[in-house]
Amino acid sequence: MLPHCSLLLLLCVARLLSTTSALPFEQKGFWDFAMDSMDSDGLMTMMRDEEEGSAVEEILPPDISMCPFGCHCRLRVVQCSDLGLTEVPKNIPQDTKFLDLQNNHISELKENDFKGLSNLYGLSLRNNLISKVHPRTFVPLKHMQKLYFSKNLLTTVPKNLPASLVEMRIHENRIKKVAAGAFAGLSNMNCIEMGANPIHNSGFEPGAFKGLKLNYLRISESKLTGVPKDLPESLHELHLDHNQIQAVELEDLSRYKHLFRLGLGFNHIRNIENGSLSFLPRLRELHLDNNRLTRVPKGLPDMKYLQVVYLHSNNIAQVGMDDFCPRGFGMKRTFYNGISLFDNPVNYWEVQPATFRCVSNRLAVQFGNYKK
């Protein structure tokens, strides 16, 4: 390869190495895939192999695919982002592990768009105009584990997703309905991010999540008016922030005994029915900020592992001495390290010091900043 071409490729790789952290997930550097999927030894081996072969001008046989025009190909990463593409490019190398097609103008995925890419591990289609996906588009991708489909125009979950899929992000589309069996056969799926879709509770058909053993599910920024029924029992994290949920009823949380983190912030919750939280014996974090609660939810003292409770920006006017901590010694296995009560009409000087007897230190409790 010519020296100036090598320099250009190195500059592109350096630009790709920039990382980002945002919620909901936004991928801006495609090397996120590479860092997740291989350890440093594997990456160094690939780089060493590349360097050892760079001294010889290699003549490729005619059946070997070249890098698509305008894209950058290196270390089995093919980056074709921000090129104004209207379709998936041809001639993608068959040994490609990561394919970045984000920030283009692709409107449709055809049957043979990914033909021959059986080694593909991750695919980013984020921020395109995709509204149509052929039912057999993903059939060749037998080893794909990560699919990033956020910021498109999808109205349904694509069909025939690879059984190998572990992570899927379809945030900010136009999905109104999740049909029964939409995720059928995806027993390896661990994480689904599907926030910012106009989904009502009635949009989830019975059996929509059947067969899934998810750890992480996010349905924030949607149109839910209650906690959805029939979500996977295996969940460790459930995020339902920024919806229109009015209340938490007794049976709403009965399935989720493995939850570590529950996000219900930025809703319209006025009441949490007594006993609702007893179904969450392993909960570590509870987010109820920016709601319309008038009191601290019942049941917190019985949650042995609860460490963080967000209750700020509610209408809580009084805090009782036993609202957070159990009466007996040794009943709580883990002390609180974060309780937020600011932006509530409660006078902190009226709260008894013993109220926070099971808090790790006084800095873990936040009061004040209430504006009438």
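Glycine is no exception: its Cβ is also placed from the backbone N, Cα and C atoms.
Matching TrEMBL disulfide entries to the candidates CYS12, CYS80 identifies the partner of CYS71 as CYS80.
Across the domain 'LRRNT' (66-98), DSSP helix (H, G, I), strand (E, B) and coil residues number 0 helix, 7 strand, 26 coil.
Cα-Cα distance from CYS325 (disulfide bond) to CYS73 (disulfide bond): 57 Å (rounded to the nearest whole number). Cβ-based crowding with a 10 Å cutoff singles out CYS71 as the top-ranked of the disulfide-bonded residues CYS71, CYS73. In terms of local Cβ density within 10 Å, CYS80 ranks first among the disulfide-bonded residues CYS67, CYS80, CYS358. Between the CA atoms of CYS358 (disulfide bond) and CYS67 (disulfide bond) there is a gap of 60 Å.
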